[in-house]
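Colleague: Dropping the structure in here first, questions after.
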Amino acid sequence: HHRMFLEPQEKKRSMKALVVKQAKKSCSCTPAKVKDYVFSFFPVLQWLPKYKLREYLLGDIMSGVIVGVLLVPQSIAYSLLAGQEPIYGLYTSFFASIIYFIFGTSRHISVGIFGVICLMVGQVVDREIQRAGYDLEPAALSVLTGTAAYVNTTISSVNGTSQKLLCDKSCYAITVGATMTFIAGVYQVAMGFFQVGFVSVYLSDSLLSGFVTGASFTILTSQAKYLLGLDIPRSSGIGSLIATWVNIFRNIHKTNICDLITSFLCFLVLIPTKELNEHFKSRLKAPIPVELVVIVAATLASHFGKLRETYNSSVAGHIPTGFLPPSPPDWNLIPNVALDAIPIAIIGFAITVSLSEMFAKKHGYSVKANQEMYAIGFCNIIPSFFHCFTTSAALAKTLVKESTGCRTQMSGMVTSLVILLVLLVIAPLFYSLQKCVLAVITIVNLRGALRKFKDLPKMWHLSRVDTVIWLVTMAASALISTEIGLLVGVCFSMLCVIFRTQRPEAPLLGWVAESETYESLSAYKNLQTKPGIVVFRFEAPLYYINKECFKSTLYKQTGVNPVWVKTAKKKAAKRMLREKEVDSGGNQTSISMDFVSEPLEFHTIVIDCCAVQFLDTAGIRTLKEVCKDYREIDVQVLLAQCNPSVRSSLIRGEFFKEGEDHLLFHSVHQAVDFA
C-alpha cells in the first residue's frame with residue numbers, strides 16, 4: 001500500500017484582519033465607487049441612455065397599453081378583495097408601475113396588484129376595522145358619497161365607550177392598508193440591505209404553488225357573496241373559509257336574483273374567451289381585452305337598466321377623479337400590523353425575485369436579486385404615502401407583458417400612463433358597475449392556480465415529497481388561514497428535509513470488475529465483493545438526529561452488532577468457567593470454547609463517506625464508538641472519501657490516535673487495497 005500525501009493549504013484566519021478589510025472596503029469612498037453605487041441603485045440610469053428607440057419602442061408601447069387595459073378592471077376588482085374602495089386599486093397600480101420603472105432590474109415582470117397579497121391585506125383591514133368599532137361590513141361595500149366623506153366625524157361606541165373617529169370606514173380601511181404596506185416595504189428594504197434574501201430559499205416552488213392554490217380557495221370564498229348579492233360580514237381568522245360558506249348557506253334565501261343572473265352571464269362570456277386567448281395566444285398579436293369589454297357592457301346595462309334602484313343591486317359607487325393629497329401612515333397602528341406585514345413582505349419579495357430570475361434566464365440577461373428586493377420595497381414604501389396598498393409581481397400579467405412584445409421597463413411607464421388616463425377622466429363612469437361583475441373577474445383569474453390540481457399526477461411521479469408539501473400547504477392555507485398556512489408549509493418542508501436525512505439510504509457496496517469504482521449492491525447486478533471486507537456507504541451528514549440510525553443500519557447491513565458479540569463472548573466465557581468449576585465434562589466446555597473463538601466473516605469495514613457533508617460532535621463521538629466496538633472484536637474500521645470539512649472535524653475531534661491518520665483514505669479502492 002502506497003499512501004497518498006496531500007499537503008493542506010495554510011489558512012490564515014484573523015478575525016480582526018477580516019473585519020478591518022471589510023470595513024475599509026465598505027467605508028472607502030471614491031468617485032468611481034459613488035458612481036457605481038448610484039447606477040446600481042437606480043438601474044434606469046444604466047439602461048435608459050442605451051434605449052434603442054426604433055427597435056424597442058413599438059413593442060414596449062404595445063405591451064404597456066395591453067397590460068394597462070387588463071390592469072384597470074383587475075385593479076378595481078382586487079380592491080374589493082383588499083377591503084378598499086376601487087380608486088385605491090388604481091392608485092396602487094399607477095404608483096407601482098412608475099417606481100418599478102426606476103428601481104427594477106427585470107425587463108419583463110409586471111408589478112402591481114396580486115390576488116393573494118390583496119387577500120392577506122384585506123383580512124388585516126377587516127380585523128382592524130372591527131377593533132376600531134366600525135361595523136363588520138367590509139370597507140369596500142360602503143359607497144363613497146363625495147370628498148367630504150374623508151373628513152366626516154362619526155361617533156362610534158367601542159365596548160360601551162364613545163370614540164371620536166376622524167374619518168369614515170373607507171378612509172380608515174386605506175389608512176390600515178397603507179400603514180401595513182409601509183411596514184412591509186421597510187421589511188423588504190431591510191432584507192435587501194442586510195442581504196437576507198436567503199429567506200426565500202425556504203419557500204420552494206411546490207410550497208409557493210400550494211400556498212397560492214390554497215389562498216385561491218379563500219379568495220373564491222370571499223367573493224362568492226358578491227356573486228349572490230348577499231350582505232354578510234366577512235369572516236376572518238382561523239377557519240374563515242368554512243365560516244364564510246356556513247354564513248352563505250344560512251343567508252342563501254336572500255340571494256339577489258339580478259346579481260346572480262349578471263354573474264352567470266359574465267361567467268358565460270369571460271371563461272370561453274379566456275380559454276380562447278390561452279389556446280390561440282401564439283397566433284394572436286395581443287389577447288382580447290374581454291374583461292374591459294365586460295366591465296363597459298355591464299356598466300352600461302346597469303346604468304340604463306337602473307339595476308341599483310329597481311333590484312337593489314350592489315354597485316361600485318362614486319369613484320373620484322384625480323389624486324388625494326399625500327398623507328403619512330398612522331404610526332399608532334404600526335404595533336397592530338407589524339407582525340401581519342412579515343408574511344406579506346416575504347411572499348411579495350419571494351414571488352417578485354423568482355419571477356424576475358425566471359424571465360431573465362429565459363431571455364438571456366441578468367437581474368440582481370438584492371436590487372429586486374429594494375425595488376419591491378420602494379414599490380410599497382413610497383405609494384403608502386399616496387393611499388395605496390401592498391404590491392408584488394404577478395405571473396398572469398407578466399406572461400401577457402412578455403407575449404405582447406415587451407423589451408424593457410419602459411413598458412411599465414406606458415401602463416402607468418393608461419391607468420393615469422382612467423384616474424383623471426374615465427373613473428367616475430364606473431359608478432353603476434355591479435360588484436358581482438368585479439367578483440366574477442377576480443374568480444376567473446384564479447383559473448391558473450386552481451389548474452394545478454391537474455398537475456398533481458405528474459408531480460407525484462416526479463417527487464412524492466414535493467406533492468405532499470404542496471397538499472399540506474394548500475390545505476392549511478385554505479382551511480386554517482393564509483398566514484398559518486404559509487408557516488405550516490415552511491415548517492413541514494423543513495421537517496421533510498430533516499426526515500430524509502434522519503433515515504437516509506445506506507447500502508453495502510460492490511466492486512465493478514476491471515475498474516476502481518464501487519456501487520450499491522442493492523441497485524446493480526454483477527458486482528463483486530472482496531473476501532473479508534465490507535464496504536458501507538452512508539448517504540447523509542452524520543449528526544445528532546441520525547447517529548442512532550447510522551449505527552443500527554451499519555449493524556444490520558454487516559450482520560454483526562459488536563456489542564452483542566462482546567456480550568455473547570462474555571456470557572460464553574462465564575458459562576465455561578462455571579462448567580470448569582463443577583467439572584461436568586469436556587464436551588460442553590469445548591463447545592463453549594468453539595463459540596468464543598468462532599471467527600467473523602470479515603476483518604475490515606470500509607465506510608464510504610463521500611455523501612457525508614459534515615459531522616457534528618455527536619457524529620464524531622458515534623464514529624469513535626463504532627471503531628472502538630469493532631476493534632474489540634478484531635474488526636478494523638477504515639474511512640474513505642472524506643471531504644476536507646469532515647477530515648478537519650475528525651482531526652479536531654481527536655478521532656485518530658498518534659500516528660493513525662494514515663487510516664483515512666482518499667478513495668474506497670485505496671482503502672480496500674490497504675485492507
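Every residue gets a Cβ built from N, Cα and C, even glycine.
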Colleague: Check each of the ranges 206-228, 505-527, 528-550, 597-619 against TrEMBL and return the one annotated as transmembrane segment.
Modeller: 206-228
Colleague: Between the stretches 98-121, 171-194, 206-228, 333-353, which one has more Cβ pairs under 8 Å with the transmembrane segment (416-446) than any other?
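Modeller: Selected stretch: 206-228, with the most Cβ pairs under 8 Å.
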Colleague: Are there three or more C-beta pairs under 8 angstroms joining the transmembrane segment (56-78) and the transmembrane segment (333-353), sequence spacing 6 or more?
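Modeller: The answer is no, given that the two segments have fewer than 3 Cβ pairs within the 8 Å cut-off.
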Colleague: Which bits of the chain, at least 6 residues beyond where the transmembrane segment (171-194) starts or stops, bring a Cβ under 8 A of a Cβ in it?
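Modeller: Residues packing against the transmembrane segment (171-194) from afar: 82-85, 88, 121, 124-125, 128-129, 132, 134, 139-140, 149-150, 152, 165, 329-331, 333-334, 337-338, 340-342, 344-345, 348-349, 370-371, 373-374, 376-385, 387-390.
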Colleague: By a Cβ-Cβ criterion of under 8 Å, what residues six or more beyond either terminus of the transmembrane segment (467-495) are in contact with it?
Modeller: 116, 119-120, 123, 202-204, 206-207, 209-211, 213-215, 217-218, 237-242, 340, 343, 346-347, 452, 456, 459-460
